[in-house]
């Protein structure tokens, strides 16, 4: 009976075991995903970083000091790379572009730095006795410049002949000097017609530009350091703000000429197809409208006067340069623009403005007032700062059919009368003014108008008025730079990517470290590809970052060499150094992370970190075949730091395991077992074995006592010893005999340490054999509990189904009753409304009937 019970129990065990094995097989069938690290993925994020410059400075005159200090820039790349990003859409915003702010700060810094070694004109802040310069001619050159009267002579009072007392080379001696100054540069003292002072003496420190300084704009290319990239929008009608579908990546921008001008944008880039107007908000009249022309309009400017300049000593080692005299007729500086070309340009601008302002009448008017830099078109021409009246350009009205009415003449050219100003309030900053020394001889310059800066008049009734008035604007040089940088943005390269795969790091091995970088132009070309396609080209994508850093170092050394005679770095040299340090920092940071994760020198690195479905529950096929790396990075962006920390913890644990494995290598050779240095280990092992045996004997002694107590008696000894045979002089008695048997002794059959071990092991096996019923009882209890538990679960499940059905029926009945009640109430309300409506409709009829009865 007992054997049959055991067989029945084992049959139940077999069923439960089969079920458990099936569950394990089902669980193991769902394949686990693991985190895999990829280095060189085409992922970027918006960033602000220090840009450096590239320029062809050697192509320009080296005798003069260029204010832009482009000799400190790196040479431009003769074959610039531009990689088109297929299937990539990126957001741009020209109005919130750090490149604009950076260029503005750079240009101001360059101007300030170029003026540092120059002469301060503080001694000239004295009383000037000025009289109007008479329009006389020099007898030797009386016919030199009388060929054209249409250019106009200078108005009376526009130039002053001023005399003043100045300190000579000897400080305690004064002498009287004279200079020809423009009216715009002096201001009357106490409304006196003869006493004047320089215009900025009471507010600014006037610095004279050094004699050999040049303001000629040289194209400057802004470049991103290694680890960063510049994205370029190639949409031909891009408004400057919003998404761009035609995106490419470049290392440097195009050559941007830092032309400091107002109202008209000169010598910039052109729109490719149509005229484009850009504004941060067209409905806000406080926002400047930047007009980007598709065809340039040439403007030719001249100062016909042949000026002679002289040098006045104003102290030891300091000289003031001023106009000595003017040879020939003193004529007005002016600029000429083709009337037909300008009118055609305005027509195209008007058509674009009407698209924004609902076909209203467009009126162009002159500036409403302000500083001379804003009221007039200010720019530098051949070293002189011209201030031209642009009212002939902005004096027209355009009706709905793009016809216009102007009040100017019908000559072929539009002539702008210009004034020259020598004291310049730089960048509209308080406390900074520059004196531009006069240029000898005649001055001629030709520029291309490539854009306009417009402002729109506001008012309360602009919505009802059919006219929009636009005026030339400017003054904030950021708009000048923004007109060229509108299509660029700086991004930082994030070459490290993590994604789930089926591969797991199986073994711990020591990897050889290698220096591998990321070519930000090359691998961004795969940005529009799926993750699977991009991961195939990781080797190509991860090559030239380190070489880019080395090239940056060479560029920096070349820049320092070019400026070693100055013993100081310009803003460009500092930016070169910052860019290199930043590139090295980025590279070392990425390599440090790879080292923390045990992935140094690897492009694809498997790990032992399991992928958590809460990070992303997308399938592998959906991830690798349908998503780009940029999309995937946005998907897991919130969990990146967590994944990085898990990778670091996993690698730390793996290194500990590796250390333990390496510590076991010293046992690989059998001869090392007999090394004297290992004897201490042998002693420790022996002590542990002896301690274990003693502990085992104590345990079995306790178990034996418990067993004997359970049987109802306690032995006198823990081991039964066989009787010790008596000697020949003391023979043993027989059964019937009495005697002193209490004095007999017994001993073990075998003595020694091994005998103790044998006895203990034998007792262990006997104990296990005698208590096998305990296991069967426990198994039976577990089986009964499982069966009862299963029956209880089934009962609860049936009960739950019953009550859920009852609740469902009750809910349906309640909803039906509610619907019926609502329907009946709705019908009553509708009926009441209908009766009320009929009563109202019948009121005229009732009134008519009442009147008829009254009349009858």
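Backbone N, Cα and C atoms are what each Cβ position is placed from, and that goes for glycine too.
Here's what Swiss-Prot has on this protein:
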- 87: N-linked glycosylation site (CARBOHYD)
- 129: N-linked glycosylation site (CARBOHYD)
- 130-161: region 'V1' (REGION)
- 146: N-linked glycosylation site (CARBOHYD)
- 161: N-linked glycosylation site (CARBOHYD)
- 162-201: region 'V2' (REGION)
- 165: N-linked glycosylation site (CARBOHYD)
- 191: N-linked glycosylation site (CARBOHYD)
- 202: N-linked glycosylation site (CARBOHYD)
- 300: N-linked glycosylation site (CARBOHYD)
- 301-334: region 'V3' (REGION)
- 336: N-linked glycosylation site (CARBOHYD)
- 365: N-linked glycosylation site (CARBOHYD)
- 388-418: region 'V4' (REGION)
- 465: N-linked glycosylation site (CARBOHYD)
- 612: N-linked glycosylation site (CARBOHYD)
- 713-716: motif 'YXXL motif' (MOTIF)
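Swiss-Prot feature annotations superimposed on the structure.
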residue: 129; record: N-linked glycosylation site; contacts (Cβ under 8 Å, 6+ apart): 162, 163, 164, 194, 195, 196
residue: 165; record: N-linked glycosylation site; contacts (Cβ under 8 Å, 6+ apart): 126, 174, 175, 176, 177
residue: 191; record: N-linked glycosylation site; contacts (Cβ under 8 Å, 6+ apart): none
residue: 202; record: N-linked glycosylation site; contacts (Cβ under 8 Å, 6+ apart): none
residue: 300; record: N-linked glycosylation site; contacts (Cβ under 8 Å, 6+ apart): 335, 336, 337, 444, 445, 446
residue: 365; record: N-linked glycosylation site; contacts (Cβ under 8 Å, 6+ apart): 394, 395, 469, 470, 471
residue: 612; record: N-linked glycosylation site; contacts (Cβ under 8 Å, 6+ apart): 639
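Taking Cβ-Cβ distances under 8 Å and a sequence separation of 6 or more, the neighbours of residue 161 (N-linked glycosylation site) in its chain are 130, 131, 132, 133, 178, 179, 180. With DSSP states grouped into helix (H, G, I), strand (E, B) and coil, the region 'V2' (162-201) comes out at 3 helix, 22 strand, 15 coil.
Spacing of residue 87 (N-linked glycosylation site) relative to residue 465 (N-linked glycosylation site) is 45 Å (Cα to Cα, whole number). The Cβ neighbour count for residue 87 (N-linked glycosylation site), using a 10 Å radius and every protein chain shown, is 11. Per-residue pLDDT, averaged across the region 'V3' (301-334), gives 82. Using a 10 Å Cβ-Cβ cutoff, residue 465 (N-linked glycosylation site) registers 13 neighbours. Neighbours of residue 336 (N-linked glycosylation site), defined as other CB atoms within 10 A of its CB across all chains, total 18.
Secondary structure at residue 465 (N-linked glycosylation site), as computed by DSSP, is coil. DSSP assigns residue 129 (N-linked glycosylation site) to a strand in the three-state reduction.
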